[in-house]
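Dropping the structure in here first, questions after.
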Amino acid sequence: SKLAALFEHPLYNIPVPEVTEKDKLFIINPMEKFSLRSSGSDEWVSSSKAETLLPTGKTAYDTYPTWLKFHIGINRYELYPRQDPLLPVLLWDLAMQRIISSVQKSGGTQLKLIMTFPNYGQALFKPMKQTRDQETPIDFFYFSDFERHNAEIAAFHLDRILDFRRIPPVSGRLVNITKEIWDITTDKKLAKTFFISPAGNVCFYGECSYYCSTEHALCGKPDQLEGSMAALLPDKTLAKRHSWRSPWRRSYHKSKKAEWELNPNYCAQVRETPPYDRGHRLLDLIDMTILDFLMGNMDRHHYETFEKFGNDTFLLHLDNGRGFGTHSRDELSILAPLQQCCSIKKSTYLRLQLLATPPYRLSDVLQEALAADPLAPVLAEPHLRALDRRLGKVLVAVGHCLAR
């Protein structure tokens, strides 16, 4: 296994700083227990309502559902640990747990659903909108592109392979539209948009500002629909997040250019502007830029951080559905922060060099990681080849910086 060998490499075993209480997102009561109802239902209840006692020798933590263990494991330095035994269990839950509620997520430009499981866990479901081998039309603007379910899955694994670990876990899932959405939804607006197509397939379109109409309906075969299931982060009422506008945000206009596209010395003023004037925020943003370039994502207008950790923490790489839309073109403008600032973390650079060598080739390790997903193959072969080509271009860009 190239993937196992990669994660055993010394570059993937650099220790994170010691995690103190103030570095944890949540401080938990070690005595608070969760227990299954003795009636045999799937629901979890807190210890105040528990009808059964813990088996001897088990700690309260052992009783927590996987999603809760994921939440309380978040700290200042990482969303989840490198060698996290919870990860395969959480991915299995996302793919296999029974869905007891499906409602539309408010806001956003395209249809997304919040799915709830019997253990109170929740996931964000993005349905399949195009096939693996369809490319984004060359005349499409980046802001009118589809969000792709397979891009969300591949982005999670790519982010982990780069050792960023800043994307919440994502699994593919085949959903039954009738039983797992239509029959159980309490969302009246969503319920009104279901219909049977002339071909006899179950379809729905929801309500949103783009692509929510009969012409853009999502249809099953006859009611089976692929989608990505992403573990939700803790509710913002429990763990506030700060949304930051990216300094290299695009203009989102058909003809206007952003300032960074016109000013070759743009990075100099970014370096003088908080929060980029101290700490590793700018280097973290360049990490995110490299991730976006590798998957061809031009739609990174904002990013988020957990408020509790201030400026000294990682960036959350959320909403990656507009990646992996094209494999035949490389959008070099995505690399503008790296090219203009000529800065990169040494650890990131060394890992990129490693992923360009045959024993750890990026396309090979990502293909191996994606092979375990329920919807495999997740990416078409040309997208995997494009990753190796783009990785070479990132290394060339760093080489130009070193030469300067």
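Positions of Cβ are set from backbone N, Cα and C atoms, glycine also.
All TrEMBL annotations are machine predictions without curation.
So TrEMBL lists the following for this protein:
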type	residues	note
ACT_SITE	ASP299	active site
BINDING	GLN110, LYS126, GLU147, ALA230, ALA231, LEU232, LEU233, GLU304, ASP319	ATP binding site
BINDING	GLU147, ASP319	Mn(2+) binding site
DOMAIN	194-403	domain 'FAM20 C-terminal'
Give the sequence-ordered list of residues that share a chain with ALA231 (ATP binding site), lie 6 or more positions from it, and have CB atoms under 8 Å from its CB.
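The list for ALA231 (ATP binding site) reads TRP67, PHE70, LEU90, LEU94, GLY121, ALA123, PRO168, PRO169, VAL170, given in order along the sequence.
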Since the record lists GLU147, ASP299 as recorded positions, which of them has the fewest other Cβ atoms within 10 Å of its Cβ?
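Result for the recorded positions GLU147, ASP299: minimum number of other Cβ atoms within 10 Å at ASP299.
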Measure from the CA atom of ASP299 (active site) to the CA atom of LEU233 (ATP binding site) and give the result in Å, rounded to a whole number.
21
CB neighbours of LEU233 (ATP binding site) within 10 A?
21
What whole-number Å value do you get for the CA-CA distance of the residue listed as 'active site' and GLU147 (ATP binding site)?
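Just about 10 Å between their Cα atoms.
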Would you mind listing, in sequence order, the residues at least six apart from GLN110 (ATP binding site) in the same chain with a Cβ closer than 8 Å to its Cβ?
LYS129, PHE146, GLU147, CYS208, TYR210, TYR211, CYS212, GLY321
Measure from the Cβ of ASP319 (ATP binding site) and count the other Cβ atoms within 10 Å, all protein chains considered.
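The Cβ of ASP319 (ATP binding site) has 23 Cβ neighbours within 10 Å.
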